[in-house]
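Just below is one structure, and these are the notes that go with it.
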Amino acid sequence: MAAARFCRLPDDILCHIVGLLDAHELMAIERVCRRLRQLLAALGWRVWLRSMGWHFASCPVARLRALTMPGRPRCDERASKDGARIRQQHRHITAGPCYLARIGATADRLWHEQAPASYLLDQHAEAAGPVVRASRTFIAWTVGSQVKWTYASSKQWPVAEIHRTNTLRAHGADLTDLALDVADTDERRANIVVAGVDGALASWDIGTAVRADARDSKAGRNARLVWRMPLAGHGVQRIQQRATAPHRLISASHDRQLRVVDTGRRIVADQISLPDRPWALHWLADDVLAVGLFGAPHSLAIYRLRPEGVERDRFLLGHRASVYGLDACPQAPSLLLSGGYEGETRLWDLRVASGDHHGCVARFEDRFNDTAVYCCQWDGQRVASGRGRHGVVDFWDARWPAWSSMSQQQCALDGGTAARMSPLRRTDVWTKYNGRRWTPVYSLCLEQTRVLAALETELWWLDFTGRPLAMPAQRRTATTAKKAKRKPDRQRRRTGRTSSGWPPHGQ
């Protein structure tokens, strides 16, 4: 009777139950439930692998040959044979730990054959909402009240070298956002603008500190404070600054105010009240601004900067919850990417004159993961979304023509009929786990050959070029050399042995 009731459950409930069972329990139920056996055969144990925290992500194990990675060729026939071997394993192996070890090793090996190289750039104490920004070879990120930065060079091609990480205490309170201004002529001339929870803005010149990186082990001391500006005692949530208008900065704050700050004269040029608390902010063009708000359905608003002041243009309807992530491609400023708390990533075309939600042209989602989207990025080709748990980053190829829904609908416009395309739904997601931790991905930086992901305690580099990456080596200073010289003596006095384990001479 219990098995009959179990067989009548919908597929989405069965997928949820799969993640709550051990391997041997799942195989025992599979023998009495034909629908569950068919579901597992179609998914290739995908849901169970993800629930157990394996690296291997969201494509069926048995269908790896149909998967195309960004910048990678398709899988060969060996991956297909390995997928068939996994299907045979779950039929014959009944021991839970033994099965877990075998399928885990096979899945991890298949994953590493196709996935980009992952590098842990930084591991720090727990930080609330870290932000990462990058400009070609320069990388900067926030950790609490500190700003850390490094840069990559390719002097020994094809090996990319990551230089030492420098630290600057840039604020008296925790930082909420970071804007990076790096000169195009010299990658080592950099200015950063930081915003804090205490409602203050500050600009730092770290170009001198970066140039002294090769000589000074504490290069952060060479940073220079350019200006500091408090904003009426409110906490700043997000800031945005454009290269075409370096002296104009937009800030969205907790008091539901959108402010236009003239950094040259240190004044607030204009401000406007928002309908709700802002979460995300992105500058699309010189006079167009997108703001992600708390609550639905009016969670995404478009504002225009007129000579007479800031005014709201319209709302983009479609998200069922708050909008946490916003991004736009510099080559296509009329296309806006947004990520919502309900787990959907949407692409909007602002050239649609009216109709609110009719401007949504595509939806990117994972049918088996409805975790909140904390951040999103795209470069015109690939779409990346940072999830709210497990350090998950989802990828979609926006150029892929195989949309899952291409139905056309007829709608009446001014007494006539016109055909319009419904939002295209993309579900062919490719997922990457970073660090196997419960932390969200708070910030992303997507470029053609790399992805930077800022977690609560880690900063990850995903490299798509296939080149080796040389991490910074521990430089020996006079202090460290002195400590290393005295270490065998102290250990010899305690145990009579040196650090290598061999007895000293004369014993």
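Backbone N, Cα and C atoms are what each Cβ position is placed from, and that goes for glycine too.
The feature compositional bias 'Basic residues' is assigned by TrEMBL to 482-496. The domain 'F-box' annotation in TrEMBL covers 3-51. Look at TrEMBL and you will find 472-507 tagged as region 'Disordered'. Here TrEMBL flags 316-351 as repeat 'WD'.
Among residues of the same chain six or more beyond the repeat 'WD' (316-351), those with a C-beta under 8 A of the stretch's C-beta atoms are 279-282, 284-285, 288, 290-302, 357, 359-366, 369-380, 383, 385-386, 394, 396, 398, 423. A mean pLDDT of 61 is what the model gives for the domain 'F-box' (3-51). Per-class residue totals from DSSP over the repeat 'WD' (316-351), listed helix then strand then coil: 0 helix, 21 strand, 15 coil.
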